[in-house]
Amino acid sequence: MRKHFGTDGIRGRANVVITPELALKVGQAAGVIFQRGDHRHRVVIGKDTRLSGYMIETALVAGFTSVGMDVLLLGPMPTPAVAMLTRSMRADIGVMISASHNPYEDNGIKLFGPDGFKLNDDLELEIESLIDGDMRNRLSASRDLGRAKRIESVHARYIEFAKRTLPRHVTLDGLRVVVDCANGAAYRVAPETLWELGAEVISIGVEPDGFNINHDVGSTAPETLVQKVRELRADVGIALDGDADRVLIVDEKGQKVDGDQLMAAVARSWQEDERLTQPGLVATIMSNLGLERYINSIGLTLARTAVGDRYVLEHMRQHGYNLGGEQSGHIIMSDYATTGDGLVAALQLLSVVKRRNLPVSEVCHCFEPLPQILKNVRFRSGEPLRADSVVTAIAHAKDRLGQSGRLVIRPSGTEPVIRVMAEGDDRDLVAEVVDEVVDAVTRAAA
């Protein structure tokens, strides 16, 4: 049974769940496990722009150095940049301090192995066992303590990496781009990358103050971006979240393009260029049935996984896919990155737009999404999904939807809520079955 790790690292309210004491123990435990070989061991640590990042960063430094690991501090950097730099800087482990799209009050700790991939379940459980144990006999002698220093040049390294994911002959000349960095980790690197590639760049969400990350900006609050794109007659809008591992696109008409539509557009282009390593892509159970029907219609297949980009990536690695992602905008292009990278995904889409010489609206809306309704039911304790009344309601709902729709019920991996999602050709029917299941779950959770 997991105590600390969820579907995307450790996450919770800063100084309540994510305390200095916990961060210290995470640093010590991870440091012990990843000290392999006789070389001088090092860890890279990045963070987003939350006020609590300073506190957690300092505690992690104390933890890693106390077990003899050197620490390289990157400062505010996107999660995918930390993964890339873990490999590039030959680190034994990478750490990202972020709660992604959550408000500033929350924070989290994500860990990457030396290959830049998120840790598997076994390693996370091994770290958990050490966190809850006595670490005193694992501490280094005074002469063997680690050192810590800040690295100043990392922004340029990530910008060059992102630019190199485009063919040399492809530029963004002639594109007016509005980019929303969510007052988060990409506030510096995303606008600079787009500008260096030739775009006319208008930036919003680039004034972090420790409190305003994801506040009315970013991929989970794209209304400001939509308004700016229309107002400035931009060609495209790009919204990143707080740690820039997810992206939402806005076309020139102000219409939103989610992860499903983005994957469809890229999959079609990569299929034509024979760039797909498998004849299909990987998505989660939350991706729209319209995506699956479209992918099948062009001769490709859609593999589904549990929710979470780690499970998408796991399936991609096991079965040889190089394209996958989530409706929420976590897009993984494994030719370039070991995790979701919002900026790289946006660049790959813009490459398709430039190649086709068409407006974003004509490239991105490959299919008509089926009506999809998602509702959350908050609960305090227990397992309401095991209640007989809920089991009966779920079975009845699935019978009503039949072959023309889908029903997905799952507990969130990051907060105490149960998500109820249904989709199908008949919007009224979808709404009815969602309400029925939500009512049953709500009563069981009371």
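Cβ coordinates are placed from backbone N, Cα and C, and glycine is handled just like the others.
Annotated features, as they stand in Swiss-Prot:
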type: ACT_SITE; residues: Ser100; note: active site, phosphoserine intermediate
type: BINDING; residues: Ser100, Asp241, Asp243, Asp245; note: Mg(2+) binding site
type: MOD_RES; residues: Ser100; note: phosphoserine
Local Cβ density at Ser100 (active site, phosphoserine intermediate) - other Cβ atoms counted within 10 Å: 30
Distant-in-sequence Cβ neighbours of Asp243 (Mg(2+) binding site), under 8 Å, six or more positions away: Asp48, Pro78, Thr79, Met96, Ser98, Ser100, Gly184, Ala185
Check: same-chain CB within 8 A of Mg(2+) site center, minus Ser100, Asp241, Asp243, Asp245: Asp48, Pro78, Thr79, Ser98, His101, Gly184, Ala185, Leu240, Gly242, Ala244, Arg246, Gly340, Gly342
Under 8 Å by Cβ from Asp245 (Mg(2+) binding site), counting only residues of that chain that are 6 or more apart: Pro78, Thr79, Pro80, Ser100, Asp309, His330, Thr339, Gly340, Asp341, Gly342
Cβ-Cβ neighbours of Asp241 (Mg(2+) binding site) (radius 10 Å): 34
